[in-house]
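What Swiss-Prot says about this protein:
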- 1-380: domain 'FMN hydroxy acid dehydrogenase' (DOMAIN)
- Y24, Y129, R164, R278: substrate binding site (BINDING)
- S106, Q127, T155, K251, 306-330: FMN binding site (BINDING)
- H275: active site, proton acceptor (ACT_SITE)
Amino acid sequence: MIISAASDYRAAAQRILPPFLFHYIDGGAYAEHTLRRNVEDLSDVALRQRILRNMSDLSLETTLFNEKLAMPTALAPVGLCGMYARRGEVQAAGAADDKGIPFTLSTVSVCPIEEVAPTIKRPMWFQLYVLRDRGFMRNALERAKAAGCSTLVFTVDMPTPGARYRDAHSGMSGPNAALRRYWQAVTHPQWAWDVGLNGRPHDLGNISAYLGKPTGLEDYIGWLANNFDPSISWKDLEWIRDFWDGPMVIKGILDPEDARDAVRFGADGIVVSNHGGRQLDGVLSSARALPAIADAVKGDITILADSGIRNGLDVVRMIALGADSVLLGRAYLYALATHGKQGVANLLNLIEKEMKVAMTLTGAKSIREISRDSLVQNAEALQTFDALKQNNAA
C-alpha cells in the first residue's frame with residue numbers, strides 16, 4: 001500500500017486492527033458531530049498565499065517550556081497506546097525522540113513510566129487525570145518525577161466519561177464484549193501476532209504498579225468509571241501545583257474564561273481541546289474555540305491545541321489561529337498501528353514536509369511569522385479567523 005498522507009495510515013489501521021480497537025480511537029461522543037467538525041472547521045480555514053518572498057532559510061524550530069523542538073508538535077497522551085502496536089508507547093516515544101519532539105505518556109498507558117523513560121534521550125511529558133484516588137495521583141507524580149519527566153499535562157475535561165456509542169457496537173463495551181473482542185482478535189492475525197501474543201503483558205502499566213496486581217481491559221473500563229471525580233475544582237489542583245516543580249499544562253480548555261482562570265491559577269500552558277470530540281458532542285471544535293482564547297490569554301500563557309489535526313497544513317492553520325504548538329493524537333496512532341515506530345517516524349516526516357510547503361507558500365520563514373496575517377480575512381473566506389471568531393461569540 002502506498003502511504004502518502006495520514007489518511008492512508010487510517011485506512012491501513014482499519015484493516016489491521018480488531019474493530020473494538022479501531023473504533024475506540026476513531027470514534028467520538030454521541031452522534032460524533034464535534035468529531036467531524038474538528039476536521040471540517042480546520043480544513044475550511046483559508047490561508048493567504050504569498051509569492052516571491054525568498055524562502056531559502058525556512059526553519060520549523062521552536063522552543064516550548066525551555067525545550068528546543070525540531071517543529072511545533074508533540075505526541076499527545078493516548079490511552080491504551082500499547083494495544084495498537086507491540087509495546088506501542090515505547091515505539092512512539094522512540095520516533096518522537098528521534099525527531100526531536102516530546103512524547104506524552106498517558107496515565108492509562110500499557111507500558112509504565114519506568115519502561116518508557118529509559119528508552120529515550122529527551123525527557124518525556126506525563127499526563128494525569130484528576131481522580132478520586134488521590135493516593136494514585138501522588139504515586140504517579142512521584143514516579144514521573146523520579147523518571148525525569150519534564151512537563152505535566154493535566155487533563156481536566158473528564159470529570160465523567162463521555163458517552164461513546166461506537167464502543168457498544170464495536171465490542172469495547174456492551175453485551176458479550178469479551179467474547180466479541182476475542183473473536184475479532186483471532187480474525188485479525190497481524191495484530192494477534194504482533195500485539196496479542198508478542199505485546200504482552202497487556203496490563204495498564206501505571207495502574208498495575210500502584211495496585212500491585214495485573215490489570216486488563218475490564219479493569220481499565222471499571223477503574224476509570226469509578227475514579228473520575230465530578231466534584232473537582234481549581235482548588236483540587238493546588239496541591240499538585242505545589243508538588244510538581246516543572247511546567248504544568250491544563251488540557252481541555254474551550255472557553256476564554258477558563259483560559260483566564262488557568263493564567264490566574266499559575267499554569268504554564270493550556271491545551272485548547274475537546275478531547276478529540278470524545279467527551280461532549282455539540283461543543284465547539286478546537287479551531288472555532290482557539291481564536292477567542294488566543295485573544296484572551298496570548299502572551300500570558302503558552303497555548304497548545306489538538307483535535308482535528310491530520311497533516312502539516314493543519315498544524316500551520318492552528319498556529320495561525322493562535323496556538324504556539326500542537327499535539328498529535330489519532331494521526332500518529334493510525335501510523336503506529338500500521339508500521340510501528342517507523343510508521344510514526346514517517347508520519348512526522350510527512351507533517352514536516354507539509355508544514356514546509358505551507359510556510360513557503362504563505363511567506364512564513366519561521367514559526368514566529370505564522371500569524372493572523374497568514375489567514376485570508378475577507379467576506380469570501382467564511383471559515384477564516386473573523387468567521388471563526390463570530391461563530392464562537394454566537
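Placement of Cβ uses the backbone N, Cα and C atoms for every residue, glycine included.
S106 (FMN binding site) falls outside any helix or strand according to DSSP and counts as coil. Across all of the domain 'FMN hydroxy acid dehydrogenase' (1-380), the predicted model scores a mean pLDDT of 95. Y129 (substrate binding site) and S106 (FMN binding site) are 9 Å apart (CA-CA, integer value). Neighbour list (R278 (substrate binding site), Cβ cut-off 8 Å, at least 6 residues apart, same chain): G27, G28, A29, L35, G162, R164. In three-state terms derived from DSSP, Y129 (substrate binding site) belongs to an extended strand segment. Nearest by CA distance to D306 (FMN binding site), out of the recorded positions Y24, Y129, H275, is H275. Secondary structure at H275 (active site, proton acceptor), taken from DSSP and collapsed to helix, strand or coil, is helix.
Largest CA to CA distance in the substrate binding set (Y24, Y129, R164, R278): 19 Å, whole number.
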